[in-house]
């Protein structure tokens, strides 16, 4: 008799995705981040659900309800900080996952890659609307500044901003709808994740060499289930350490002050995971130009498969491309640092140079060096 997991309609899907899935035998720990992102998503949905049971999306009570969760609800402080720091872990895993894709040429699976970019945008939107909910100073002013960017769109900009606000400023209507968005988006993300996996399993996983590994596959379980469990334990350990020892390390102290439309904080800045994009936005002295650069800094990922000029898929055997890749990582870290600094000399010029380098590396230098590497292969 055939095993039920191979015949039952539902079990069969799970079996083909997580148990008997043929997987390359040589994928490294950089391939762990996919499952870690799944774990982060489940964790965020669960902690978020319990927070939503006690949170009130109203301007007069939102801040107090978060304080109530932290003070009066059993382990409320723990759930709240798990959720806040869980978002940081989510983005660390996301950026590592994207970096892996760039390094090893996983973007050549175009459908999987494009769904991935869409997922990145959706997660960023979710994090943004979520940050507004505690209704602290940085929540309010962050929402005001970022939604205001849409007013740079010619002709319809102002109307669009007021439509999103539900009034003439960020107010009760804005908070209520942002809570609604923050609740629905993770479920949209879950659906997109299923599509992401569907497309991935059409082609099978890439591997560090970038060479097809169809002749050397092993079952996902037990080899990679055990490897993923190790990754998950390390992720949980990091998250718990952050949550229990320094829960506010990555947060902004300004968000412990209730939102006040009459008092602007000295330095308005987003959470650390948006700082690189914020630095690119600020580096252009024109509003529309800044907004376009901000959008392009993320959407440029869509064009990466078209910019592939190398004859090799992976960067594993391409030392010059590796050098440029790590330069790009250093540049992104520089932009992240600049995004958190005030707009004054020398940060302005450093931010502008780092922004130029970011686009130059992706659009010009990396495709060019790949062509040179192709020539070197012929020697």
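Yeah, the Cβs are placed from backbone N, Cα and C, and that goes for glycine too.
Taken from Swiss-Prot as is:
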TRANSMEM  33-53  transmembrane segment
TRANSMEM  77-98  transmembrane segment
BINDING   83, 182  heme b b562 binding site
BINDING   97, 196  heme b b566 binding site
TRANSMEM  113-133  transmembrane segment
TRANSMEM  178-198  transmembrane segment
BINDING   201  ubiquinone binding site
TRANSMEM  226-246  transmembrane segment
TRANSMEM  288-308  transmembrane segment
TRANSMEM  320-340  transmembrane segment
TRANSMEM  347-367  transmembrane segment
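The C-beta environment of the residue listed as 'ubiquinone binding site', restricted to residues of the same chain at least 6 apart in sequence and closer than 8 Å, consists of 16, 17, 21. Around residue 182 (heme b b562 binding site), the C-beta neighbours below 8 angstroms that are at least 6 residues distant in the chain are 48, 126, 129, 130, 133.
Around residue 196 (heme b b566 binding site), a 10 Å sphere centred on its CB holds 21 further CB atoms from the protein chains shown. Residue 83 (heme b b562 binding site): 21 other CB atoms within 10 A of its CB, across all protein chains. Distant neighbours of the transmembrane segment (178-198): 17, 38, 41, 44-45, 48, 52, 55, 57, 112, 115-116, 118-119, 122-123, 125-126, 129-130, 132-133, 143; these residues of the same chain sit at least 6 beyond its ends, with a Cβ under 8 Å from one of its Cβ atoms. Looking at which of 226-246, 320-340, 347-367 has the most CB pairs under 8 Å to the transmembrane segment (288-308), the answer is the stretch 347-367. Counting Cβ pairs closer than 8 Å to the transmembrane segment (226-246), the top stretch among 33-53, 113-133, 320-340, 347-367 is 33-53.
If you take the Cα of residue 83 (heme b b562 binding site) and the Cα of residue 196 (heme b b566 binding site), they are about 24 angstrom apart, rounded to a whole number. Under a cutoff of 8 A between CB atoms, and with a sequence separation of 6+ in the same chain, the neighbours of residue 97 (heme b b566 binding site) are 33, 34, 37, 116.
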